[in-house]
């Protein structure tokens, strides 16, 4: 695959993850009565986070204007660990949603958002 294909893939994957977060936020805030659907959104985020490190192979830094910092590649193990943390947090949210525990869903969504923020602070422009 071309480096450009990897860049496009990760842009789309991260956009999808963000869109799932927006949907989850609306559900958790009670704007939509779709608690049963929340687990699906959380599971999608977990899947994206699990696959994300593979979308940043060597040779794809600086290919196009992106928000990824060079530290993604120089601290690849830390980047992978952050992706795992996000995946685990998304799985915890899915479990809370499956159990119908709205209070725990709110806590789990906040925890997931915290993992996203932590990764963004280190690895995103």
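Going from the start of the chain as shown, residues are counted 1 onward.
Cβ coordinates come from backbone N, Cα and C, glycine included.
Computed from a predicted structure; not experimentally measured.
Per Swiss-Prot, heme c binding site is recorded for 10, 67, 116, 119, 120. Close to residue 67 (heme c binding site) in the fold, though at least 6 residues off in sequence, lie 124, 125, each with a CB less than 8 Å from its CB. Under DSSP, residue 67 (heme c binding site) is assigned to coil, being neither helix nor strand in the three-state scheme.
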For each of 10, 120, count the other CB atoms within 10 A of its CB; which of these binding-site residues has the top count?
10
Give me the non-local Cβ neighbours of residue 116 (heme c binding site): same chain, 6+ apart in sequence, Cβ-Cβ under 8 Å, ordered along the sequence.
21, 86
